[in-house]
Structure formats: structure tokens, C-alpha cells
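Shown next, in C-alpha cells, is the structure this report addresses.
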Amino acid sequence: SNDSDVTDFVLVGFRVCPELHILLFLLFLLVYAMILLGNVGMMTIIVTDPRLNTPMYFFLGNLSFIDLFYSSVIAPKAMINFWSESKSISFAGCVTQFFLFALFMVAEGFLLAAMAYDRFIAICNPLLYSVQMSARLCTQLVAGSYFCGCISSILQTSMTFTLPFCGSRAIDDFFCDIRPLQRLSCSDLFIYRTISFSLSSIITLPTIIVIIVSYMYIVSAVLKIHSSEGRKKAFSTCSSHLGVVSVLYGAVFFTYLTPDRFPELSKVTSLCYTLVTPMLNPLIYSLRNKDVKEALKKLLETKNTL
């Protein structure tokens, strides 16, 4: 029976025996604690150290903010549901979770494209870097990332939650994502999926093109550097960003572009971009970045002397 006036949903989560819920809760808690520690720590270091007052670290600070925010939209509710028998989420709560997650995921994609452009200017045109990557342009790029995320999220959310939902309220996932919500609809999804795919392509393709073209120019410029030390230094400034891009886009593409036949596998891959990537990003940038390690050391030494 049709039931468009849904009042709440049920987040099924992982289909495992109850004994494993404690283990999953502890795992989620550990990962979320590392996300909080890593991203808050990264933002603190960038804000407090004047040497990191550059476009690259301005973008990196915003990346940490986005990772912290969208993981916080998902992780606490998932951990609560490990202990809850009902596992329910209100209709408004589901809409809010879906909207915020979509907003910050799209914003992160555009921000990663802006970071690739920043590295392109730094390596291919270093003499004009401070002029071309002005504070005004950096602010506009970040604001544009959030704006595109907001517009995309409004369109995706309005399309998804105006679908007629059938009798079942069980979302076969640990958060309100687009695919498990589609499974609850009792209408023909061909037109909806076509529009949704077109919208996703319009959003995703420009960011991918910017990243690929930027790195094509970067690789070409680096190969022209005669000294091996110079090539190593140039590649080291890009390897962290390239690692973050590979993990995020790889997990997203695998989840949303593969056939929707294995929900349990989709949940595992969803963990990569909802929790694992926000946890790894600060580690990738801190462990492979000399400036961040020196700033962290300085911050710790200052606290010890107080």
C-alpha cells in the first residue's frame, strides 16, 4: 500500500548478529574520535601558525571543516542505532541528514578541484603564484564550492523526498542515502534516475576535468625539472592531494556507478567516503607535509611551556 505521508524511517544498518553491534559501535567510536582529533587539530594548527597563512592551507582548513561536518551528520546517529531497538529516524531528520551530507560531499568535490588548480599554479607558474592565487580568488573558490553544494543538495533532496514511498519504511543502510531511499519508492524511477544522473554528471564532470587537466600540466612541468631533488619536492606537494582524490572518488564511483545488487557491499564502500576518508585526510596531509609537522611540533612545545 502507498504511504506518501511517511512520518519516520528505520535505518536497518548492518545485517550482523547482535553480539557484533558492540564491536561495530567501538569501531565507529574509534574512527569518529580520530576524525574529531585529526580535523580539529588540523584546523587549529592552520589558524594558529602564521607560516601556514597560504592558499594551500586555507583550502586544507576548509577541507578539514567539511570532513568534520559531514562525518558528524552520520556517525553519531549510526552509533546510537547500534544500541537502539527501534533504529528509527524521523522524516525531518532523514531529510536533514540527506541534505547536509549531499551539500558537503559536493562541496568537497569542488574544493578538491580548487586545490588541484592551486597546485597547478604553484608548480607551473610559481613567479605569479601570489598574484594569481589572491586571497579574494581563494575566498571565491571556497564560497563557490559551498554554493554549488547547496544548489545540488536542494535539487537532489527535493527530487528524492517528493517520491511516493511504499509501505516499507526500512532504509537498508546506516544513513539516509539516495540508493536505499530509491528502493522504498513504489513509482517508476526511470525519469527520476535519468534526471539525477544528469545532475550528478553536470556537477562531477567539471571537477574531474579540472583535476585531470591540472595534473597533466603538473606532471609535464615536473618532468622538465632537471634535478631529482626538485622533482621529488614538486611531486611531494601533490602526492597528498592526489591520494585524497583517489580514495574519495574511487569509493564514490564504486558505490554509485556500479549495479545496485549488493546492498551490504555498498554499505562497506559507503564507510570509505563517510568515515574512512575524513579520518585519513588529516593523517595524509600531516605525515607527508613538513610544514604541518613543524607547526604541530611548535604548538605542542608552546603548550608544554605553559
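Going from the start of the chain as shown, residues are counted 1 onward.
Note: Cβ is positioned from N, Cα and C throughout, glycine not excepted.
All annotation found in TrEMBL is predicted automatically rather than curated by experts.
These features come from TrEMBL:
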type: TRANSMEM; residues: 20-45; note: transmembrane segment
type: DOMAIN; residues: 38-285; note: domain 'G-protein coupled receptors family 1 profile'
type: TRANSMEM; residues: 57-75; note: transmembrane segment
type: TRANSMEM; residues: 95-117; note: transmembrane segment
type: TRANSMEM; residues: 137-155; note: transmembrane segment
type: TRANSMEM; residues: 202-223; note: transmembrane segment
type: TRANSMEM; residues: 235-256; note: transmembrane segment
type: TRANSMEM; residues: 268-287; note: transmembrane segment
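Counting only same-chain residues 6+ beyond the ends of the transmembrane segment (235-256), those with a CB under 8 A from a CB of the stretch are 63, 105, 108-109, 112, 115-116, 119, 122-123, 178-179, 200, 208, 211, 215, 218, 222, 266, 269-270, 272-273, 276-277, 280-281, 284-285, 288-289. Using a cut-off of 8 Å between Cβ atoms, the transmembrane segment (202-223) and the transmembrane segment (95-117) share at least three residue pairs, counting only pairs 6 or more apart in sequence. Counting C-beta pairs under 8 angstroms (sequence separation of 6 or more), the transmembrane segment (137-155) reaches the transmembrane segment (57-75) with 3 or more such pairs.
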